[in-house]
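Undergrad: I have a structure I would like to understand better, so I am pasting it below and will then ask my questions one at a time.
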Amino acid sequence: MASPFAILPPGIPGPPPAPFALHIPEPSLTQLTALVQHGVVATPSYYTTHNSTDGPDFLFGASHSWLSSAQSYWSQDFNWRGHESYWNTIPQYTINVTTSADTFSLHFAALFSQNKEAVPVIFSHGWPSSWMDFIPMLELLKKKYTPETLPYHVVVPSIPDYGLSSRENVMEREIGFLDAAEALNELMKALGFGLLEKGGGGYVAQGGDVGSGITAALGGHFEDCRAVHFNNLLLTPSEKAAVADLPLTEAENVSVTAGEGFLYGASGYMLEQGTKPGTISLVLESNPLAMLAWIGSMYAEGFAYTLDHILQQVSWYWLTKSYGRGLWAYRGAWAAILRDDPRKLPSPLKITNKPLGYSFYPQEVIGAAKSWLEHWFPENLVLFRAHKQGGHFAAVDDPEGFLKDIEDFVAIVKEKIKF
C-alpha cells in the first residue's frame with residue numbers, strides 16, 4: 001500500500017521521479033554473510049586490547065573483543081531484510097538530473113505535502129552515515145501531520161556518489177562539494193522547488209558533516225536555496241583562529257576542546273581518505289570486517305549507538321558498493337581542515353545574505369560557538385539553539401530536538417521570505 005505522503009507535488013517541470021523500493025539481491029546477502037562468518041579477526045595486540053573500544057579513551061580505535069563480538073552478531077543475528085522492509089515504508093524515488101559537468105542518478109526519500117503553503121526542505125547527510133540518519137525525524141513528521149497538514153516537502157537524498165546515488169562519469173572524474181551541491185539543486189528544481197519567475201519558490205537546505213559542506217555550497221552558490229541550517233560547520237584553522245578570542249560558554253568550551261583533541265588525536269582516517277582514497281578503498285571493499293572496524297569504531301567511540309545501528313550503516317556501504325566513490329568529500333575536507341587550504345571546501349562564512357540557523361550539540365567536535373556565529377553572521381543569524389545532549393549525528397542523537405529546531409527555523413524564515 002502506497003504511503004499517503006508519496007503523492008508527488010504539482011508543477012514538476014519534467015519527467016517525474018520513479019518510485020523506488022530497496023531489495024538487495026539474495027546472492028549479495030549470502031556472500032556478505034559468508035565473508036563475515038569466515039573473516040579473520042587479527043591476532044590481539046597491545047593496540048587492540050588497551051584504551052580502545054573496551055576502555056574510556058578509545059585511543060587506538062577498534063578493539064579485538066568489540067570486533068569479534070560484532071562479527072558474531074553480524075553473521076548470526078543481524079536482520080537486513082527486516083530493516084529493508086521497514087525502510088521501504090518510507091516513500092523513496094530515483095531521478096536523473098544533469099548538471100554542467102555530469103548526469104547524476106539520485107536516490108532520495110521524501111514526504112510530500114498536499115498543503116499549498118508547504119516549504120521544501122532538503123537534508124544532506126554525512127559520512128559514515130546515510131539518508132537513514134533522518135528516518136527518526138521522518139517518523140516524527142508522519143505521526144505529527146497528515147499529508148494535508150504537513151508544512152514541508154521533506155527531501156532526504158543519498159548525497160551524490162553515496163549509497164544508491166551515482167553518475168555517468170563516476171569512473172572518469174572526481175567531483176567536489178560544488179558539484180554535489182549543483183546536483184542536489186537540480187534535484188530540487190526537478191521536483192518543482194526552484195525559484196519561480198513570478199517570485200517566490202525555492203527551498204531551505206540543512207546539513208551536517210559532509211552535508212554541511214554541501215549546504216554551504218547550496219547557500220553560497222545557488223539562488224534557489226533561500227535559507228540554510230547547520231548542526232556543525234566545516235571550518236579551516238584560519239577561520240577558527242580569527243574568532244579564538246571570543247567568549248565561550250562552558251559547554252562550548254568543552255566542545256571546542258574536544259574538537260582540538262579530535263584534530264590532533266583522532267583525524268587519521270581523514271588524512272588517509274583524503275590522500276590515499278584508492279588504497280583504503282581497496283582494503284575496505286575487499287573485506288567487510290575491515291570495513292566494520294574502520295567505520296564501526298567511529299560510531300562505537302562516540303555517542304551511544306547500538307551495534308545494530310552501526311551494522312545498518314556498514315552494510316549499506318558494503319551492499320551499495322559506495323564506500324570508495326564517496327571519498328571525494330575527503331579530498332577537499334582534509335586539505336581545508338588539516339592543511340588550512342580552503343580551495344576545495346565552500347566556506348559557510350560567505351553566506352551573509354540568507355537566513356541562517358544553527359543547532360549546537362555539546363558532544364560535537366566540529367561545532368561553532370554562538371559568539372562565533374554572531375561575529376560571522378551579524379545580520380542573518382536568525383536561530384541559534386544550544387542543546388544539553390547530543391553530538392555529531394544530531395538527527396540520530398536527538399530527533400525530537402533536531403526537528404523542533406528545523407520547524408522553528410522554517411517558521412522564522414517564512415516570516416522573512418515568500419516561498
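Including glycine, each Cβ sits where the backbone N, Cα and C put it.
Unlike curated records, TrEMBL annotations are generated automatically.
Dumping what TrEMBL says about this protein:
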ACT_SITE  Asp209  active site, nucleophile
ACT_SITE  Tyr330  active site, proton donor
ACT_SITE  His392  active site, proton acceptor
DOMAIN    18-134  domain 'Epoxide hydrolase N-terminal'
Undergrad: For the domain 'Epoxide hydrolase N-terminal' (18-134), report the average pLDDT of the model, please.
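TA: Per the prediction, mean pLDDT sits at 93 for the domain 'Epoxide hydrolase N-terminal' (18-134).
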Undergrad: Using Cβ-Cβ distances, find the residues under 8 Å from the residue listed as 'active site, nucleophile' that belong to the same chain and are at least 6 apart in sequence, listing them in sequence order.
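TA: Listed in sequence order: His125, Gly126, Trp127, Ser129, Asn232, Ile366, His392, Phe393.
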Undergrad: Taking the Cβ of Tyr330 (active site, proton donor) as reference, which residues of that chain separated by at least 6 in sequence fall under 8 Å from it?
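TA: Within the chain, Tyr330 (active site, proton donor) has Cβ neighbours under 8 Å at Trp127, Met270, Gln273, Gly274, Pro277.
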